[in-house]
Structure formats: structure tokens, C-alpha cells
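Following: one structure in C-alpha cells, then a few remarks.
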Ligand SMILES: Cc1cc2nc3c(=O)[nH]c(=O)nc-3n(C[C@H](O)[C@H](O)[C@H](O)COP(=O)(O)O)c2cc1C
């Protein structure tokens with residue numbers, strides 16, 4: 001039995017492709033794995049606060065030195081990290097905004113990258129080294145894009161700071177088993193969008209069945 005965390009990052013509701021695809025993924029997952037448990041976090045429509053001065057002071061100082069004010073500053077982050085660490089599998093729906101993540105999803109990531117909880121920094125003979133703490137997890141990322149040609153080999157490949165960023169930041173915490181699913185061409189609609197949605201659906205069905 002596994003525990004799955006579904007995260008949606010689009011501010012859009014029914015119009016959102018990434019949101020619709022995570023829903024379909026999880027529905028199919030539940031049919032194949034009826035005993036698995038599901039948690040849900042919607043950072044697109046329930047925004048996560050950006051980091052502030054108290055958060056930074058608290059996150060980079062020993063907990064025994066924390067005043068009640070600093071303890072309060074980390075409370076939500078602690079909850080989000082607990083929720084994140086409890087999962088074995090992640091299904092994340094995220095749009096491309098200006099070639100990267102929406103700011104709301106970046107705020108979420110900033111809250112869960114925590115020294116001592118999701119990553120450690122240790123000394124070695126070669127100097128400081130990063131030690132990821134989120135190990136043995138599987139992640140599926142369903143992206144929605146307005147355009148196409150942003151994947152490897154595409155004409156806009158070098159403008160894609162979304163996939164490389166997600167690989168870097170989740171890999172930094174230890175999650176290296178990441179499968180991407182893309183819905184492209186939202187801006188063009190009609191056949192190109194319909195074809196992309198059909199491809200994404202087929203990939204989801206294959207992945208869940210596997
Ligand atoms: C503020 C904003 C910025 C966007 N930037 C890009 C972009 O850089 N590249 C792209 O291909 N599409 C871009 N789009 C289009 C979205 O990626 C596309 O509409 C996608 O389907 C949104 O995800 P959703 O359907 O899950 O809401 C942008 C859309 C918005 C609203």
C-alpha cells in the first residue's frame with residue numbers, strides 16, 4: 001500500500017489541462033491501486049505565502065533558539081514538509097508560466113526545501129556537500145503549455161526553464177525518478193491541442209497500468 005500526494009498548481013479551474021490530467025491520473029490510479037491512500041494539495045487556488053524575514057531567520061537557525069515568533073513563522077512550512085515526506089508517490093500538475101513555474105508553485109517549493117528536513121548540507125574532505133533526504137520516491141509531473149517545441153530537440157528548447165528546474169530542485173531533495181507528461185498547444189487549440197491531450201491521456205493510461 002502506497003501513499004500518493006496530488007498537487008495542482010494551476011490557478012485555473014475547469015479550464016486547466018494540468019488539473020484535469022492529474023484528476024484523471026489519480027482516478028485511474030485508484031482503480032488500479034484501491035488500497036492506496038491519496039492526499040491533495042491545491043497551491044494554484046489556495047496560494048501558499050511567500051517566504052518572509054522571520055521564515056528565513058527561523059529556517060537557518062537551530063530550533064532551540066527559536067522564539068515563539070520564529071516557531072510560528074515555520075508552522076505552515078513544517079506542515080507542508082510533513083505532508084510531502086509522508087508520500088511515496090507524487091502526481092503534480094503544473095503550467096508553464098513565462099518559461100518556468102507559476103510563482104505560486106515556486107512559493108510552495110520554497111516552503112518545502114528545508115535544511116535538516118528535506119536536504120542536509122554536510123562537511124566532507126572536498127568541502128560542503130548536499131545530502132538529499134527525500135529518498136525512494138516516485139514523481140509524475142504533468143505540465144501544460146501554451147506552445148510546443150520546448151522539449152529536447154524542439155526549436156524553443158533553450159527557453160524551457162520548467163523541466164530543467166523541476167529536475168534540479170526535486171533532485172536536490174533526492175527525488176530523481178521523475179516522469180514527465182506534457183499537454184502542449186493550449187494557445188492554438190483545435191487539432192494540435194486535441195492531439196496533445198490524447199497523447200497525454202494515452203501516456204497516463206500506460207504509466208498507471210505499468
Ligand atoms: C501568465 C502566463 C504565462 C504563460 N507563459 C507561457 C510560456 O512561457 N510558454 C508557454 O508555452 N505557455 C505559456 N502560457 C500558457 C500556459 O502554459 C497554458 O495556458 C497552460 O495550458 C496553462 O496550464 P493550465 O491549463 O493547467 O491552466 C502562459 C500562460 C499564462 C497565463
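Our numbering is plain: 1 for the first residue shown, then up by one each step along the chain.
A Cβ is built for glycine as well, from the same backbone N, Cα and C atoms used for every other residue.
Automatic, uncurated: that is what TrEMBL annotation is.
Of the listed candidates (10, 77), TrEMBL assigns 10 to the same FMN site as 16, 17, 18, 96, 97, 98, 99. Mapped onto three states, the DSSP output places residue 99 (FMN binding site) in coil. Counting every protein chain shown, the Cβ of residue 99 (FMN binding site) has 15 other Cβ atoms within 10 Å. Highest local Cβ density among the binding-site residues 10, 18, 98 belongs to 18, counted as other Cβ atoms within 10 Å over all protein chains shown.
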